[in-house]
Amino acid sequence: MRPAIETVDYEDSVSRAIIYACGNAVVCDDLATAKYLCYERNLDAKTVTLDGTVIHKGGLMTGGRGPQQSSKRWEDSEVENLHKLKDKLMADLSNLPKGHRRGTEEETLQGELVGLEQRLAYARDELKALGKNLKSKHSEFDFVKRQLEDLRPKYAERKETLDELDQSITETQDSVSGVEDDIYRKFCKRLGYDNIREYEAQQGSLQEEASQKKLEFTTQKSRIENQLSFEKQRLQATVDRISGLEAQHQRDEGLIEELKAEQQNIRNQLDEFEAELEILRERLGEQKEVYGQSAENLNQQRRELQKRSKNVEGSLKNISGLEAEVQRNSSSRYTLLRRCKLEDIDIPLAESSNSLDHLPIDELVQTADPDAMDVDEDATGSGQAIVQDYGVEVDFDSLGDSLKEESDEKLEEELLEKVRTLNSDLDKMAPNTRAMERLESVENKLRGTEKDFEDSRKHSRKAKDDFEEVMRKRSDLFNKAFTHISEQIGPIYRELTRSSNYPLGGQA
């Protein structure tokens, strides 16, 4: 990865144009690096890969080569086989026994593996750096090569000039040597030298040889001293290392003994745990049998409870019917007594009974107020009708045996017909216009009162029926909720309390 401006060779005269053309574009080695810079690092620059792919600043990718036709394509069957192989290996891995402590060899190999992985990562980073450096060096080599091609003509020209200078220097030196020979001819002849230069060479070589020998001696002495010091340091380091290894050996021996003792303790504990596990398995089997019996008993009790609930509902319905019958009979009794009071009909009363004067005319029979019912009472309870008789007790001793028995509608109709006949005879015998008007007014008022009473009774009955319906629905919903919770609380509680120590969970 390099800026595009660094990959272009250009003259200084066109530098501004090249900088404008390249901008902040970056050249990447492959498409993955370009995508990483643009999409993950959010680099605000245009990236170009070596295969011609361009990723613009806006994220649009153009150019490049399509996928090679010869590239390997994975078939669905191969992918499925690989998935099966992965599942098999994962299952084998999960079935492998897991030790509580790794062996020394395994820990050593693990440490070496970690070290090798780190070295591999370092080597990969270094390889990437070397690759980038190599590309940079190739570019630099090409640039130097082009400069060399440009400098070769200049080099040839300068070499010709240098040869001419060497030739001129040689000619000048020859002239100087001739002059020196003329000057030192007698001196050289006396000492037996051909020329003065031979004499200077011999004297200079002897001095140089002596200096060289002295330098070699000094160098050899320093090298030997340095080597001696180095060997002493190595010897001391070796001694220290041997001492450290001996101490480490002693510590390792002690650690091995401790580990062996710990291993034996773990094996003993493992045997104890296996024995306890076997006992717990037997207890688990017994508890399962007990649980099955308890579940069967619980189901039987539930069925019995449902059966009794149905019986209770039937009894409640019967009680409600009887209460309604009591209400109707009480209303009929009150109506008859009130009519006797209004028409001044003398009826036999018991000795302890109140007179008809205590009987109100405009009041209705008091019943239990449905609005005053406590909706939080038990669903099996039923409100009892409050029958108000006002202390009036009729004496039925003067009636015949046939009338004391339970009457039917036919007998009641015959008695009413006799009453109407007697009333008609009385009207003929003693006509009274004011009494008739009073009677008609009282009868109208009685009919209105009876109508109001019937409406109130219907309203009361409807309210009571609605209340009983609500209580029935509440009872049904409660029974359904109780049944559902009792069936589901066991599995849910076992699921919540399940753990590695208690794989079956607890019991609610």
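Each residue, glycine too, has its Cβ placed from N, Cα and C.
TrEMBL annotations: computationally assigned, not manually curated.
Among the ranges 22-49, 106-133, 470-497, the stretch that TrEMBL annotates as coiled coil is 106-133. Feature annotation (TrEMBL): of 61-84, 445-468, the stretch labelled region 'Disordered' is 445-468. Residue counts for the region 'Disordered' (445-468) by DSSP state, with H, G and I taken as helix and E and B as strand, are 24 helix, 0 strand, 0 coil. Break the domain 'SMC hinge' (2-37) down by DSSP state and the numbers are 22 helix, 5 strand, 9 coil.
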